[in-house]
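This report concerns only the one structure given below.
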Amino acid sequence: MSAKEDAKGRRPGKGKAKWIRILLGVGYWVQGFRCFPWMAVNFFLKDTVKVDSSTLQILQNSVNLPMVGKPIYGVVSDAVYISGQHRVPYIAIGAFLQAISWLTIVILSQSNISIVTLSLYLLLSNLGASVAEVANDAIVAEMGKSENSQSASSGELQSFVWMASSVGGVLGNLLGGAAIDRFSPQSMFIFFGLLLVLQFLITISVPERCLNLPKSPSNVGIRKQLSELSAALQKPEIAYSIAWFAASYAIIPALTGTMFFYQTQYLKIDAAVLGISKVFGQVVTLLWGIIYNRSLKSVQPRKLIETIQATMAVFMISDVLFVKGIYRQMGVPDSIYIVVFSGVLEVLFFFKILPFSILIAQLCPRGCEGSLMAFVMSAVALAFIVSGYLGVALASYLGVTGNDFSGLPLGLLIQAVCTFLPLFSSSWIPDQKSKTRTE
């Protein structure tokens, strides 16, 4: 290899792209496949532990608390190097923690594991997932800074990892829906645990030097990294965008646990149908990544996010009609509605993340990509937790339980109204992509 080729980055660039796509492809695929064991967790809690809908939703949201700590993991990964590396080791650590948690749950659940113990290990699993996601997101942000943000390739890596995650979600839900009736939840947990062991082995085999990531100056401490993150968050275009984005989720009272019980307890929908519904949603997510990459990258982020937000509200209103039996009277089977409309609504919540993450990556100052992207995802995670708790409060206020769903239509209508509200303050998001990089 000649010095000329090195300088221009031709062959090294191809090698770098190969290693990055292997590392991120596996990482985001496994991240999407996490729905596989979590489907088993829901049925395990409902059928084996015998929790009610409110308890299920509280647990679903509470075990996501490690996601809120993402800024800490991001600052540490930006500032603390392990054997000269500051991304790959954290991905490996995250995979290892997840593998330990799921495999331990398999062992303990054989002796009637308590809900408290199960929650602790699910917390550990989400801690590992959070650490790995922060490192993966930081790599994507760093590589996005090296691309020409105005070129046709802008956002290509983001779209690639989005699609990798979607493919993992499709397979996870498809296999999960089929496996839940054929295998025990413990069998599904051990399968995912072994998959995480495989991810760990693949990750430690990828040397970070092959990724050609930008390296921070020596002796960059956590205090300095926190200072840089604070400076980034003081920029109005970043602070207002993140505040609006988080609020657009937090203000919506989620009724996921209630809808799960409504579909499985009241409508007696088979687990395979729920799995197919999630598969349909993941296929739509995959198509969204492809369509965005090919046709929508030039659309102003604010306009695109507003459209998604309004579409979410429309689908929620459609859910009101579904619960009232209007579609059933029109000859549409419940299973068809759940597969198509419920599947799409579930993933619509995440459609905003792709254009928003690309916008934030462009606005992000160099040197704190991991910290800022972690802060964004932490804010989103906290928003989902708040949304879940609000949903429990709303269901309780309306008297909705695992056996009484008479107040569910009103709850869904309130949910739709709350989804429309953020549209009135969407001016907080920059109306166009940054024309220059933020240094």
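Yeah, the Cβs are placed from backbone N, Cα and C, and that goes for glycine too.
What TrEMBL records for 20-40, 88-108, 120-140, 160-180, 187-206, 238-262, 269-292, 335-360, 372-398, 410-429 is transmembrane segment.
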Positions on the same chain near the transmembrane segment (372-398), where near means CB under 8 A and six or more residues out: 53-54, 57-58, 60-62, 64-65, 67-75, 133-134, 137-138, 140-141, 229, 232-233, 238, 242, 245-258, 353, 356-357, 360-361, 364-365, 407-408, 410-411, 414-415
Ranked first among 20-40, 238-262, 269-292, 410-429 for CB pairs under 8 angstroms with the transmembrane segment (187-206): 20-40
Top partner of the transmembrane segment (269-292) among 20-40, 88-108, 160-180, 335-360 - counted as Cβ pairs under 8 Å: 160-180
Intrachain residues whose Cβ lies under 8 Å of the transmembrane segment (160-180), provided they are six or more past its termini: 21, 24-25, 27-37, 39-40, 43, 136, 140, 187-188, 271-279, 281-283, 285-286, 288-290, 292, 354
Stretch among 20-40, 335-360, 410-429 sharing the most Cβ pairs under 8 Å with the transmembrane segment (88-108): 20-40
Same-chain residues at least 6 beyond the ends of the transmembrane segment (410-429) whose Cβ lies under 8 Å from its Cβ atoms: 240-241, 243-245, 247-248, 251-255, 258, 301-302, 305-306, 309-310, 312-314, 316-317, 319-320, 323, 359, 391, 394-395, 398, 400
